[in-house]
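Peer 1: Okay, these came from TrEMBL:
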TRANSMEM  B:87-110  transmembrane segment
TRANSMEM  B:130-154  transmembrane segment
TRANSMEM  B:161-181  transmembrane segment
TRANSMEM  B:187-206  transmembrane segment
TRANSMEM  B:218-236  transmembrane segment
TRANSMEM  B:248-266  transmembrane segment
TRANSMEM  B:278-295  transmembrane segment
TRANSMEM  B:307-332  transmembrane segment
Amino acid sequence: MTEPTFFVLTALLDGPRHGYGIVAEVTDLSQGRVRLKIGSLYGALDRLVGGGLIELDREEAWQGRLRRYYRLTERGRHALDAEARRLAANARLASIRLRRQNPIEGTSA
Amino acid sequence: MSRLEERYRRVLRLLPAGYRRQWEDDMVAAFLETMQTGDAETDEYLADHGRPSLAEMTSILSLAVRLRIGGPDAPPRPYVWGQAVRLAVLTGVLTQAAMATVGLAVTLWLTGALSWLPAPASEWALVPPIGTWQATLHVAGYAWLPAFLALVLGHRRVAQAVAVIAIAPQAVTVAVEQAAGPAPLTVAAWAMLVVELLLLVAMSAVHRDGVPVARRRWLLALPVGILAVPVPLFVAQASMPALRLLDWPGLCCVLVVVAMVVHLGVRAFRPPSRTLPWSLALVILAATALVQRTATLPDLVGQVQRTALLTIASVQIVAVLAVGVPLAVLAFRLLRHLPSVSAAAQPPHTAD
């Protein structure tokens, strides 16, 4: 799972969002580190919809335009859960090794 | 519609029509929101004078490339295009690798390292590289061999990094000689460089989205290719001076014509849908060879044997067109019947 995809799914965890809503939430979640470009966002959305990980929630009119809201599916939730566990396990591995290198302080030098 | 929206929609035209039907309005709405600052005056100014940033345009461009040159989960038409590009790239890198290997073998032979071979004639005496730079340039070209192996074995990024080693010294030389060289540079040097750079960029299409490469076949293709093309060519050119009139763009034309003729023969006995990626790959290679041949024609005008060279080049152009155009017509006719947007992705095939 690519980083943009991971953040898009995470952004949709607490409720449906529209395109710009996802961009803003991902910027917030990553503390400004990941700034999704529209091409990358819709590349990810297209794949996620195709793979059944997200789906259209509703359409709302806003300033004369239609906003499409997307929501996470059960399948998407499972995929994100699996990816989060995998990343957490990787991070744990690294932390254990780092602590072993510097056991007294419990941190790396 | 604001000027900014017009500009953004113009960039979105890079995307396939089917994709735009589904996503364009949504993308425009999201983009326009990202451009809003909260200050009415600034927003009004941006609506008139603002432009999508370079990063936004690049993201659309890379999405367009990804959608058009598809992986196994893409609809049939972009998937076939993807396979064609992957086959053309592998063939291009294979050609570079085969030529580099024989170049290395010939250099070793001329320096006497291959003592079991008959000694080279005195007229073939090796001119030692004048300086460190020439030596670097000479050795760097051999990097195409490890680049090919890395590409076939699935290390695409390594392959690209190694190919940069092959290309970078050559690029610097071409640029420096063009700027300060004693004689005006030939078009051929630039043409070769452009083709190699295109190859480097297009290598990104290989192994993307987990499209497997038929390793054994491509690895076998290297020794077969070496024995079938550069070795006999070197022997023939060494014994028949007339054959030395065949330059690199000319050789590319000859190779692609032979490959297309063989392919047309094979195609007659197989279901056309299976051979379509190869048909398109050969059309891409033929078009490249044709452009390279045509662009380098001015080089030939300045040569002593220009009449013979121009005649040979014309025959090469006619031959590529005579075989390439019918193949392209057949391939595109077949391609038109494939859906460009569909949920039903084709089962993945290996790039063989």
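Cβ coordinates are placed from backbone N, Cα and C, and glycine is handled just like the others.
Values in this document were obtained by computation on a predicted structure and should not be read as measured data.
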Peer 1: Do the transmembrane segment (B:187-206) and the transmembrane segment (B:307-332) come together with 3 or more C-beta pairs under 8 Å, pairs six or more apart in sequence?
Peer 2: no
Peer 1: Quick one: find which recorded stretch in B:161-181, B:218-236, B:278-295, B:307-332 has the most Cβ pairs under 8 Å with the transmembrane segment (B:87-110).
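Peer 2: If we count Cβ pairs closer than 8 Å to the transmembrane segment (B:87-110), B:218-236 scores highest.
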Peer 1: Answer yes if the transmembrane segment (B:307-332) and the transmembrane segment (B:248-266) have at least three CB pairs under 8 Å among residue pairs 6 or more apart in sequence, and no otherwise.
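Peer 2: Per Cβ check, the transmembrane segment (B:307-332) touches the transmembrane segment (B:248-266).
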